[in-house]
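Report on one structure; see the data block that follows.
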């Protein structure tokens, strides 16, 4: 079917943020345009943060008029901004009538954007604020890449943040926001391809990290789709504890998750094959030195580093953060096993932007059965 007839029939414009370079090539080919048009459009979108065809000076007037009829460049809208005392920024972005949250973390020579992949999350981890919100749906490509685009656009417009003209102001992107990325793997990987593309944001693979609670089939799929650093949200040294705090462990237990991580490490080159293990420290739950010994033994033979994460308070969740003494004792044990381990610095806790605190606003919750994951 002719592209413009299709759009006329369904009365819906094509959002160009949903398309990677290959898809844009097909799109412009169907319009009878040369392949270089896709490159021009991508430069305007991702290098100049332009969402108005009228300002694209090297696009012909006739093509501009045609694009205005059938296409749009539409990213999520920021409806609220919160600034932490440590410089972290949290943006609430509107998706339909719901909200997702995206976090910008500036450091000395590094800036990290924490991106969401779903509206809510279906996994129900008992210590996580996102899980308490329930789950509505996966984000599409434009809603994922749109978070990056909107953040970069806003930062470049902010004269208080020193950025060279039109330079991409983000050095690292982590898929650690709302949702489980591997349950939305097709859209997430498509968005990552745009981030990596020279006509997109031109970020290096080693500066993107995807975090998963351990969706084993997703880990296997990911390594065949794209080679990027992987983080495993483990949070327990054994199945007894993990079953209690992470229900997904009843579907994919620790052994199966770590075996998938081991294979990912062997079959990928990003981050030199090293996996990041994330471990939130919950007082009197998983923070004993015996747990540290168990964890170290579980990780034997897997090239990895461990991020120990102080638990951040979340309303209506009855956990507490480990004491500094217990955290340091836990760290000391892991270092004795020669495992690279750090205690992650808390950022953005005063605006509920720290690890596990993102909630957004989820309506029309959907219950997913674990056998469908």
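Along the chain as shown, residues are numbered 1 onward.
From the backbone N, Cα and C atoms, a Cβ is placed for every residue, glycine too.
Taken from Swiss-Prot, the feature active site, proton acceptor covers 101. As annotated by Swiss-Prot, active site, S-methylcysteine intermediate applies to 355, with the evidence given as sequence analysis. Residues or ranges marked as [4Fe-4S] cluster binding site in Swiss-Prot (evidence: sequence analysis): 121, 125, 128. What Swiss-Prot lists as S-adenosyl-L-methionine binding site is 179, 180, 211, 233, 234, 235, 312. What Swiss-Prot lists as disulfide bond is 114-355, and the listing cites sequence analysis. Per Swiss-Prot, the feature domain 'Radical SAM core' maps to 107-350; the stated evidence is sequence analysis.
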In angstrom units, rounded to an integer, how far apart are the Cα atoms of residue 114 (disulfide bond) and residue 101 (active site, proton acceptor)? 9
Between the binding-site residues 125, 128, 234, 235, which lies closest to the residue listed as 'active site, proton acceptor', Cα to Cα? 128
Between the Cα atoms of residue 128 ([4Fe-4S] cluster binding site) and residue 312 (S-adenosyl-L-methionine binding site), what distance do you get, rounded to the nearest Å? 9
Over all shown protein chains, what is the count of other CB atoms within 10 A of the CB belonging to residue 180 (S-adenosyl-L-methionine binding site)? 27
Which of the three DSSP-derived classes (helix, strand, coil) applies to residue 235 (S-adenosyl-L-methionine binding site)? coil
Per residue, counting other C-beta atoms within 10 angstroms of the C-beta, which of the binding-site residues 211, 233, 312 reaches the highest number? 233
Cβ-Cβ under 8 Å from residue 121 ([4Fe-4S] cluster binding site), same chain, 6 or more residues apart: which ones? 128, 130, 131, 133, 135, 178, 179, 180
Compute all pairwise C-alpha distances among 179, 180, 211, 233, 234, 235, 312, the residues listed as binding S-adenosyl-L-methionine, and give the largest one in whole angstrom. 19
Per DSSP (helix/strand/coil reduction), the residue listed as 'active site, proton acceptor' sits in strand
Model confidence over the domain 'Radical SAM core' (107-350), averaged pLDDT: 93
Cβ atoms near residue 125 ([4Fe-4S] cluster binding site) (within 10 Å, other residues, all chains): 22
With every protein chain in view, what's the tally of Cβ atoms within 10 Å of the Cβ of residue 101 (active site, proton acceptor), excluding that atom itself? 25
